[in-house]
Amino acid sequence: MPLSLGAEMWGPEAWLRLLFLASFTGQYSAGELETSDVVTVVLGQDAKLPCFYRGDPDEQVGQVAWARVDPNEGIRELALLHSKYGLHVNPAYEDRVEQPPPPRDPLDGSVLLRNAVQADEGEYECRVSTFPAGSFQARMRLRVLVPPLPSLNPGPPLEEGQGLTLAASCTAEGSPAPSVTWDTEVKGTQSSRSFTHPRSAAVTSEFHLVPSRSMNGQPLTCVVSHPGLLQDRRITHTLQVAFLAEASVRGLEDQNLWQVGREGATLKCLSEGQPPPKYNWTRLDGPLPSGVRVKGDTLGFPPLTTEHSGVYVCHVSNELSSRDSQVTVEVLDPEDPGKQVDLVSASVIIVGVIAALLFCLLVVVVVLMSRYHRRKAQQMTQKYEEELTLTRENSIRRLHSHHSDPRSQPEESVGLRAEGHPDSLKDNSSCSVMSEEPEGRSYSTLTTVREIETQTELLSPGSGRTEEDDDQDEGIKQAMNHFVQENGTLRAKPTGNGIYINGRGHLV
């Protein structure tokens with residue numbers, strides 16, 4: 001009766017403490033506990049704390065006591081698993097600690113910690129009491145991962161022409177600290193900074209760029225990596241760069257189509273911008289003609305008349321800037337010859353210009369060719385004169401050699417020494433010239449040249465020259481003025497003052 005009374009007086013917590021203290025007594029044996037050094041769980045998931053005793057087959061596990069080891073508070077009871085009385089849990093962990101679902105091994109002392117939170121991180125101890133081996137204990141660390149929840153914040157409005165500007169920033173906080181990067185084809189720079197908290201760390205990454213219209217509409221993606229995530233988290237931001245392109249007008253590519261009576265003529269204003277631009281059409285020299293319709297960027301005309309001629313202005317604007325583009329429309333009247341395009345005249349002018357260019361080119365070619373041939377002729381003439389001079393000098397030397405040797409003088413030359421009868425010689429030469437045939441003159445001249453060449457070869461090159469020889473050379477030079485060289489022979493120049501000596505045709 002007193003034992004039962006005492007049992008009634010003790011509450012469940014007292015029995016838990018008693019059993020937990022009893023689990024720390026025993027003796028050492030050869031069995032071992034199978035546990036993990038670190039148990040990792042994601043925030044909100046269930047954490048399994050493993051503790052399995054592996055010993056002899058005849059050994060029995062009496063109880064398994066779980067406690068949390070706190071550096072500040074010491075050992076704090078968590079739960080007690082008894083082979084006979086079942087599981088007893090500390091009221092602080094009521095409904096959070098339980099056994100794994102069946103089937104369960106009697107040697108398995110593992111427990112489940114439901115809905116793990118960051119406060120559950122820490123060191124846990126498992127102590128197993130066996131019979132007859134005694135008690136065994138092991139410690140493990142519970143790590144709770146806190147996945148980050150990234151957020152992306154766009155920077156200030158981007159405008160074309162700005163310098164380096166913040167495009168967006170991405171922040172992620174978790175435990176441990178997450179990794180934040182950027183995925184984009186846009187050229188820019190990124191920088192990161194981190195902040196540490198008691199149970200987590202926050203990382204913020206910023207992306208800077210120089211805005212341009214090519215970046216408008218491009219994706220900028222923040223990528224967050226963390227061990228608590230099954231895959232990277234991505235947040236995409238579409239860049240919006242404010243710009244306004246230059247304006248232009250299309251529709252006047254062929255001015256000849258703008259004639260009186262044409263229907264469906266339009267002018268279209270072309271431009272791009274962010275935000276999308278607005279269009280406005282005006283006429284520079286007055287209001288828009290009646291019947292002209294404005295529909296956004298397009299200006300539509302009724303059947304054309306000469307009144308539609310004028311200067312039209314397209315005005316493009318958005319919140320950033322404005323642009324203008326103007327064109328001149330001239331509506332042609334086919335019945336007015338003054339305004340028709342004279343294609344024939346234009347063709348004639350073009351042909352005339354081409355012909356003039358070709359003529360100028362031909363003149364240049366002719367002048368260049370004439371100068372070239374003139375220069376070549378001068379060179380040939382100069383060369384010919386040099387050769388002729390050399391030939392004359394050789395002939396003079398041969399004649400001199402022929403007359404200086406008295407043994408080589410023919411008998412027919414005796415008549416030349418009769419200095420007292422010049423008149424008779426002159427008369428005879430005149431008669432002889434009139435009576436001789438051309439063939440005789442050619443033969444006699446060739447004979448004389450051959451005789452001179454033969455006698456020149458017989459002379460000694462080392463013979464000295466006297467003053468008398470020089471006088472004779474001068475006379476021979478004067479006599480050679482009456483000869484002409486043709487085809488390697490000397491021919492007498494046709495003159496009435498020539499002296500014919502003998503019948504062999506020697507002219508002096």
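Positions of Cβ are set from backbone N, Cα and C atoms, glycine also.
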In Swiss-Prot, the member of N280, N487 to which N-linked glycosylation site is assigned: N280
Candidate cysteine (C126, C170) that Swiss-Prot pairs with C51 in a disulfide: C126
Cysteine from C269, C360 that Swiss-Prot links to C314 by a disulfide bond: C269
Cβ neighbour count (within 10 Å, all chains shown) around C222 (disulfide bond): 25
Between C51 (disulfide bond) and C170 (disulfide bond), the C-alpha gap once rounded to whole angstrom: 42
Sparsest-packed of the listed disulfide-bonded residues (C269, C314) - C-beta count within 10 angstroms: C314
Nonlocal residues around C170 (disulfide bond), in sequence order (Cβ under 8 Å, 6 or more apart): P150, S151, L152, N153, V180, W182, T204, S205, F207, C222, V224, I235
For the domain 'Ig-like C2-type 2' (247-330), residues assigned helix / strand / coil by DSSP: 6 helix, 39 strand, 39 coil
